[in-house]
Amino acid sequence: MTPALAWLTAFMVVPCLLILALAFFRRGLYGGIDYTLTWENIALVFDPLYAGIFLKSAWIAGLSALIAVILGYAAAYAIAAMPRRHQPLLLFFAVLPFWSNYLVRTYAWIVLLNREGLIVHLARLLGFEGELPRMLYTETAVVIGLVYNYLPFVILACYAPLSRLNPEVTEASRDLGASPWTTFRRVVLPMTVPGIATGFTFVFVLSIGNFVTPALLGGGQFQMIGNLVYAQFLTANDWPFGAALSIFLIAIMMGLLTLQTFASEKASGGRNA
């Protein structure tokens, strides 16, 4: 067994197997684990209440990933179009938020989105009269926080294939009479699908299991699956059910990673054909 495989087995495969096994036991009378085999935890995951939380989490994660891909791809495209000597500095500014703590970045949005925050003051300076709709402690605030925190992942993922594009390919497309939009749609976009898929997957996987952003920017108004898992382990002390929820969350992530790998390989195969 290679060192890399041994590391993956010890720190990824074994913990996942332990969580899987834990999902088939009962919660003890006073918390803890009763080592009696049962399917109750697995069945409870499909209860409409918890299935709804899964769907809500997938919706918020998917929307956040889509918005992040649109914004991140545009930013990466603009960076890749700049002279080579300027690109490292622009990438530095793109990842600069990572130098601050995740909690600090999230708390900053609380200051910006509250009723006396900067956004409200700017709206009043621009002449907006009346009461603005509440933004803090809503799904919109959670999506904004997730997009902001994970946008640099998309920029980096999309920049890699964009920076490797051969300018002669796009020039040939224009020489053949293609419009800029046609060149982008038929040449640039297909060649950067792996970066788009990677960026979308990054944001979706990180968002669907996130519990800090919904707790801070959502204000407890609704739950995502990460908050539910957190509550089962640390509040309800129901580790078996928390493990069952975690297994289904891991399954969703693994399924998306498989689709992302398939899409990237298909796109690469299409270019090599």
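Note that Cβ sites are derived from N, Cα and C of the backbone, with glycine treated the same way.
All TrEMBL annotations are machine predictions without curation.
According to TrEMBL, the protein carries these features:
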{"type": "TRANSMEM", "residues": "6-25", "note": "transmembrane segment"}
{"type": "DOMAIN", "residues": "54-260", "note": "domain 'ABC transmembrane type-1'"}
{"type": "TRANSMEM", "residues": "61-82", "note": "transmembrane segment"}
{"type": "TRANSMEM", "residues": "89-112", "note": "transmembrane segment"}
{"type": "TRANSMEM", "residues": "141-162", "note": "transmembrane segment"}
{"type": "TRANSMEM", "residues": "195-219", "note": "transmembrane segment"}
{"type": "TRANSMEM", "residues": "239-259", "note": "transmembrane segment"}
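Of the two recorded stretches, the transmembrane segment (141-162) lies close to the transmembrane segment (61-82), with three or more CB pairs under 8 Å once pairs fewer than 6 apart in sequence are set aside. Counting only same-chain residues 6+ beyond the ends of the transmembrane segment (195-219), those with a CB under 8 A from a CB of the stretch are 57-58, 60-62, 64-66, 68-69, 72-73, 76, 102-103, 106-107, 109-110, 113, 136-139, 141-142, 144-147, 149-150, 153-155, 157-162, 225-227, 229-230, 249, 252-253, 256-257, 260, 263-264, 267. The transmembrane segment (239-259) shares the most Cβ pairs under 8 Å with 6-25, out of the stretches 6-25, 61-82, 89-112. Sequence-remote contacts of a segment are chain residues at least 6 beyond its ends whose Cβ falls under 8 Å from one of its Cβ atoms, and for the transmembrane segment (6-25) they are 33-39, 41-42, 239-241, 243-244, 246-247, 250. Residues 90-91, 94, 143, 146-147, 150-159, 162-163, 165, 192, 195-196, 199-201, 203-204, 207-208, 210 of the same chain lie 6+ residues outside the transmembrane segment (61-82) yet bring a C-beta within less than 8 angstroms of a C-beta in it.
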